[in-house]
Structures are given as structure tokens and as C-alpha cells.
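Per TrEMBL, the feature domain 'Major facilitator superfamily (MFS) profile' maps to 52-500. The transmembrane segment annotation in TrEMBL covers 90-109, 147-166, 187-206, 307-325, 337-358, 365-388, 408-435, 447-466, 478-496.
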Amino acid sequence: MRTPYSLVPSTLVLPSLEFPSLFSSHSAAAHSKNAKMGKGYSAVIASNPYIVGSFACIGGGLFGLDISSMAGVLSNDHYKNQFGNPGSNAQGAIVASMPAGSFVGALVVSYLGDKIGRKKTIIISGWIWVIGSILQCASVNRGMLCAGRVISGISVGLASAAVPLYQSEVTAPAVRGRFVSMQQWSITWGILIQYFIQFGCSYINGVASFRIPWGLQMIPAIVLSLGMLFFPESPRWLVDHDREEEALTILADLHGGGDPNDDLVQLEFAEIKEQVRFERTEGAKSYMDLLKPGVFRRVGLGASLQMWSQLSGMNIMMYYIVYVFQGAGLTGTRGNLIASSIQYVLNVAFTIPAIIYIDRWGRRPLLLAGTFLMGFWLFLVGGLQGGFGEWGVVDGSRIWVINDHDSITKGVIVCSYLFVSSFAITMGPVSWTYPAEIFPMRVRAKAVSFSTAANWLFNFALAWAVPPGLSTIAWKTYFIFGTFNFAAFIHILFCFPETAGRTLEEIEEVFAQGHIFTAWKVKRDVGKKTLRDVVEKDNDSHEADYPEKA
């Protein structure tokens with residue numbers, strides 16, 4: 001049985017294996033040259049997988065900050081007075097302006113990610129966020145507020161596509177899912193931190209109660225942009241741009257303790273070069289490549305998974321949890337805010353098991369369990385709301401509300417908590433991990449940006465549609481999203497193959513197996529290679545290209 005390279009110890013000796021000249025002389029010269037000219041990043045940081053794999057996640061935290069920056073002001077009278085007491089449609093438009101900008105930002109990554117690199121794209125996203133935060137903090141009307149949120153959204157769109165892309169290309173396959181899923185964890189931390197800032201500032205009497213939290217949002221973005229200067233660029237991007245010496249040095253620092261001749265480094269370097277060489281034979285990169293056989297299937301999987309993550313109903317529980325708990329009969333402002341904060345704490349806590357075990361449990365089991373459970377909890381919430389609620393007026397607004405049924409109110413709140421916990425441990429982290437790892441190198445930036453754009457397109461639509469939905473069809477809204485979850489369960493069961501534990505290059509063989517509608521038939525050892533396998537294949541390729549003369 002072959003051992004995947006991610007599990008081969010770096011001290012392994014293969015005496016019968018001779019590396020082609022591609023590695024030995026090239027790697028020594030590359031390492032020496034980079035040592036003299038300076039690397040443009042901190043080798044100490046690059047050598048620590050937990051730092052290099054997690055720091056960029058601050059970009060995900062920006063999205064979390066935005067979510068609770070809105071959720072925390074929905075019951076703030078100073079916010080309502082400043083912006084003309086927005087109704088359900090107007091409030092939906094204000095919230096939706098951020099994902100509208102994110103949709104644009106995610107699409108721009110397809111160009112920036114390939115043109116200037118993953119690292120610089122993340123740095124740019126941080127500075128754009130600072131501009132958006134300044135505008136929001138200073139906003140005096142809805143137009144200025146929406147403009148600031150659109151600009152902040154562009155930043156979030158850039159980061160949400162570039163960060164998982166970067167993480168997937170700099171982390172080892174054995175822990176890749178763990179670090180890419182930390183993107184979701186950082187989102188939950190952003191939600192939690194900003195919500196408690198909003199909660200504390202709600203005691204301030206005046207517009208400072210919402211301006212201070214909006215202004216403080218820029219601090220993490222500044223840390224992100226300055227901190228990324230000390231991090232390496234993606235070695236896969238460097239190889240694709242004919243900067244192999246830098247790529248090998250970075251791989252050595254990332255996965256080999258600085259040794260470019262380490263077996264694991266040599267294997268990954270060989271696989272990257274082989275994949276890039278193969279992809280270049282297929283012609284220049286273009287958006288039409290996304291429609292090619294084999295790639296189009298994966299574009300559909302990546303985009304649909306991001307779509308399902310939005311249609312799961314998590315937006316209701318994040319953006320509009322105040323409205324949800326009002327409908328459940330929890331009408332006191334302070335009590336509502338406290339109950340909401342518990343759900344944000346659960347969101348953070350239940351993402352941790354997924355981060356630790358996502359590579360052991362696999363992507364498919366988490367997605368299947370998550371979609372089924374989320375559908376169940378939402379149907380239960382809808383049933384309780386429909387069976388015990390009635391139309392009423394709360395804080396001047398007509399809503400469907402449960403009155404004088406304390407046990408039912410508590411039941412709805414508990415089901416909401418269980419829904420959020422189910423999302424946090426399953427769909428939340430996997431929806432970022434899976435699209436970042438399934439695409440070939442030549443289209444990865446474009447395909448990931450397209451998938452992430454699908455996320456923001458549905459985020460935009462739902463952020464706008466949910467408030468009017470809750471004010472018109474009320475409890476039936478939960479049945480709609482519950483049905484979406486069960487539809488996602490069926491789609492994932494038939495069409496999503498397992499990708500855990502493989503290098504990005506080995507995942508190519510997973511999709512080469514076919515099984516478009518029988519994904520469960522793809523075994524978890526498909527595609528895994530040893531160093532000997534890759535070198536022998538590379539030698540065979542060279543012999544085919546340059547046959548000896550008879």
C-alpha cells in the first residue's frame with residue numbers, strides 16, 4: 001500500500017531513488033540565491049504552519065465584523081433616528097449593499113489573483129476595508145452609509161476569495177482543510193467581537209453608540225495589510241509565473257524546515273511543476289476554460305456549494321436574529337441582545353471541532369450531516385411559529401409573534417441555537433474549504449472567484465429579501481430555507497466526491513474517476529502518491545519528450 005507524501009516523515013531515506021537534475025542543482029542554487037538577495041518575507045513565520053496558515057484569516061474576520069455591525073444596530077433608536085427609521089425593505093437594502101460590493105470584489109479576484117498574486121490581493125483588500133469603514137463611521141444618511149458598505153463589501157469579496165485560495169496553496173494537504181476552515185472561524189470571531197462592542201456601546205446615549213463600533217472595524221484590516229508583508233507568496237503562483245527558484249525556497253521554508261532537498265518539498269515541487277507544465281499545453285488561460293469538460297463540473301460544484309451555504313438560512317440567524325427572537329416572543333431589547341449574543345458564542349465554539357477534525361472526518365460526511373440537521377431545525381422553528389404565533393405589533397412594526405407561550409418561545413430559541421451550531425460545525429467551514437481545493441492551477445483563481453461570487457450573489461438577494469419575507473409570509477420563511485437544506489443534502493450525496501488528505505495536484509485524479517452522479521464510489525485513497533511515483537512519472541514524461549536516438 002502506498003503512503004501519501006503528507007504522511008511520509010521528512011527523515012525518510014530512499015537510497016535507490018535518484019532525483020533528476022531538475023531538483024538537485026536547481027534547488028541548491030535557488031536556496032543560495034534567495035538567501036543572499038533577501039526573501040521578501042519572514043522565514044521564521046513561514047516555518048510555522050499555524051501562523052502562515054491562519055493569519056490571512058483576518059480577512060474572513062472582516063465579513064464577520066460587518067454582519068454584527070448591522071445585527072447590533074437593528075434595535076438601536078439612535079441608528080433608526082439618524083437614518084430615517086428604515087422599514088423592512090429599506091433595512092434589507094442597507095444590509096444588502098455590502099454583499100453587492102462583495103460580489104464585485106470576488107469577481108475582481110479572478111484578475112488580481114493571477115496578475116499580482118494572492119498575497120498582494122489580500123493586502124489591497126485590507127486598505128479598501130479601511131476606506132469603507134471611514135465612510136460608514138462618518139455617514140449622515142442612507143446613501144453615504146450604503147456607499148461605505150459597498151466599498152467595504154468589495155474588500156470582503158476580495159478577501160473571501162483570495163484568502164482560501166492562498167491558504168490552500170501554502171498549507172500541507174494533511175492539514176489544509178483545518179487551516180482553510182479557519183476562514184469560517186475568523187468570521188465567527190468577527191461576528192462575536194463586533195457584536196459585544198455593539199452591545200457595550202448601546203449604553204451610550206447618542207450616535208456614538210453605532211459610530212464607535214463602525215470606526216473600530218478598521219483596526220483588524222490595518223493589522224492584516226501590514227502583517228501580510230512578512231508572509232510568503234503562494235509557491236504555486238510563483239511556479240506558474242516562471243519564478244521557480246523563489247517557489248522552491250518558499251516550499252522549503254513552509255514544509256521542509258528550510259531544506260530544499262527535503263523529500264516532502266521535492267515531492268510537492270515536482271507535482272506543482274508537472275501540473276503547471278501539463279496545464280500550459282492546453283493553451284492560454286481564459287474564462288472559457290471554466291466551460292471545458294472536467295472543469296465545468298467542478299465550477300458547478302464550487303458555486304453550488306457556496307449557493308447552498310447561503311440558502312441554508314444562516315443569514316436569517318446572523319443578520320436578523322433580533323427579528324427572529326422578536327417573533328419568538330422575546331421582545332425586551334436587552335434580553336433580545338443577550339439571547340442573540342449566546343448564539344454568536346455558540347457559532348465560535350462549534351466551529352472548533354470542525355477545524356480540528358475536518359481532515360479526519362472528511363468533507364462529505366460533514367456536509368451531509370449539516371444540511372440534514374439544519375433542515376430539521378428550521379422545519380421545527382417554522383412549525384412552532386406557525387402553530388402558536390399570530391400577527392401583532394412590536395416596536396411599531398407588524399410581525400408574526402408568539403404571545404403568552406413561554407415554553408414555545410424557549411423552544412424556538414433553542415432550535416435556533418441548534419441550527420447555528422449545526423452550521424458552524426459542518427457547512428460553515430467546508431463551504432470555504434471545498435471550493436478552494438478542487439480546481440486545476442490554471443483556472444484556480446478564476447474558478448474560486450466565480451464560486452465566491454455565487455456566495456455573495458445569493459447573500460445579496462437574501463439579505464434584502466428576508467426582512468420583507470418575515471413581515472409578510474412570516475413562519476413560512478423557515479419552511480422555504482428548510483427545503484433548500486434538504487435539496488442540498490440530495491445534491492451533495494450524489495455529486496460531491498471526497499477530497500480530504502490529498503495534495504491539490506492529486507485531487508485531479510479524484511475528478512478523473514468520473515462518478516458525476518455517484519460520488520460516494522470515489523474512495524479516500526484515490527490519487528495519493530509517494531515521492532517515487534511522482535519522480536518516475538516525471539522521468540517517463542521526459543523520456544517521451546526527448547527519446548534516445550537509436
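Cβ coordinates are placed from backbone N, Cα and C, and glycine is handled just like the others.
Using the rule of three or more Cβ pairs under 8 Å, pairs at least 6 apart in sequence, the transmembrane segment (90-109) is not in contact with the transmembrane segment (365-388). Beyond the transmembrane segment (408-435), the same-chain residues lying 6 or more positions past its ends with a Cβ under 8 Å from any Cβ of the stretch are 60, 160, 164, 168, 176-177, 180-185, 187-188, 301-303, 305-306, 308-309, 312-314, 317, 321, 324-325, 327-330, 339, 342-343, 346-351, 353-355, 358, 363, 366-367, 369-371, 373-374, 377-378, 380-381, 384-385, 388, 402, 447-448, 451-452, 455, 496, 499.
Model confidence over the domain 'Major facilitator superfamily (MFS) profile' (52-500) stands at 89, taken as the mean pLDDT rounded to a whole number.
Taking every recorded stretch in 147-166, 307-325, 337-358, 365-388, 478-496 and counting its Cβ pairs under 8 Å to the transmembrane segment (447-466), the highest total belongs to 307-325.
Here the listed stretches are 147-166, 187-206, 307-325, 337-358, 365-388, and the one with the most C-beta pairs under 8 angstroms to the transmembrane segment (478-496) is 365-388.
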